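Annotation source TrEMBL lists domain 'PhoU' at B:21-109, B:125-209. Annotation source TrEMBL lists region 'Disordered' at B:217-239.
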Protein chains: 2
Amino acid sequence: MSSTHIVSIYDEELKYLTRRISEMGGTAEQMVSDAVRALVTTDGALAQKVISEDVVLDNAERQINEKAVLTITKRQPVSADLREILGAVRIAAELERVGDLGKNTAKRVIAVQGSGMPRKLARGLEHLAELALMQLKEVLDVYATRSVEKAKAIRERDDEIDAIYTSLFRELLTYMMEDPRNITPCTHLLFCAKNIERIGDHATNIAETIYFMATGAQPEGERPKDDNTASLVAAEPSA
Amino acid sequence: MSSTHIVSIYDEELKYLTRRISEMGGTAEQMVSDAVRALVTTDGALAQKVISEDVVLDNAERQINEKAVLTITKRQPVSADLREILGAVRIAAELERVGDLGKNTAKRVIAVQGSGMPRKLARGLEHLAELALMQLKEVLDVYATRSVEKAKAIRERDDEIDAIYTSLFRELLTYMMEDPRNITPCTHLLFCAKNIERIGDHATNIAETIYFMATGAQPEGERPKDDNTASLVAAEPSA
């Protein structure tokens, strides 16, 4: 009877961590989605809202860390329960960084304002963001269900995001070469695209953490963490 | 007698973590320093060496994580000892990312090759890297000594790096506007500068973790995590 009581309090503590992670995930998704919308519609007020929300994730991460230390100290968990708590700490750190990337994207709205972003670029950025957010959403669903198979699948599927990022990167370089007035706004859009591409990386890191929580091991096999633009050289414009 | 024996084995485990973190720190510093040298001297072979070293940090982080889980399970540490182990896990993750940034910088050597980087830009990048590496080196020294006061000081001193990064950012935009042939190499240099600026952020994160390990709390007060270029608009070149 007393032991059941202890177990159920302990379950409450694990549920607290799971719930806070889900909340952080929802906030991070909303921030990124709003940041991209603010960028494409040059909505300064929406950008400001995103910037001010970052503190929510900072505080949530701190609270999750404190709860983790308290729970390990009080319950002295081992194996799966311990991995559960350590995994929550790692996922909270990833989500806090996703929020930072949303905030940095929102900050660039002001530099891009008034530059008349070509429709094609805006669509490219929106599409990139949709894919990255879908990956983040799926990995948070996997966190709720702890499916090892699904975690592995997400980890192996970063390629589409990379392909779109590479094509956006090329396109932005071309715009910059066409007209020097495009250089400043397109530079900021390059960093925005990179921010969104990195959200895909964080989703992949979360998938690896879920795999670790479920199995105690890291998933096998190399995965390409870097994008493909690092050695990309654009064709020079015809004079 | 038996209790002394257990304590000394436990100390060995904590020492193992401290030693592995120091090794990771040394590797990460060397990678970043080599990457910037490869960039400035366009040394493809050195760049390749940096790229191939990344796996060393990936493996070290995995081993530190495994050791942490084992040690918590076997020893069930509380308070300072528990924070010591959790802190090592967090610092290992930061150092693995520093290595990723070195690798990404090295990958860009090929895209910058043959572009004849102006001496002023090369000096700017080298200076930025010196400051970031000094910050990383100092924070690793603080990790060895666990000085809370020094950890706080490092955290509050990211400003110089940001100032140099902002000036490099401006300069790169200017070169791009002067000649469209500069656009591709300068774009890659922008990402390299951003990579190096982010190393300063990771050093700051490590300083915060050391503060947490020593005190069980997060340092108070906001700290500016973002750079100042997000809303920077360059003057257009005179026609």
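Note that Cβ sites are derived from N, Cα and C of the backbone, with glycine treated the same way.
Not measured: the values here are computed from a predicted model.
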Response to the item:
Residue counts for the domain 'PhoU' (B:21-109) under DSSP, helix then strand then coil, are 83 helix, 0 strand, 6 coil
Worksheet entry | the domain 'PhoU' (B:125-209), counted residue by residue under DSSP: helix, strand, coil | 79 helix, 0 strand, 6 coil
Response to the item:
Whole-number mean pLDDT, the domain 'PhoU' (B:125-209), equals 90
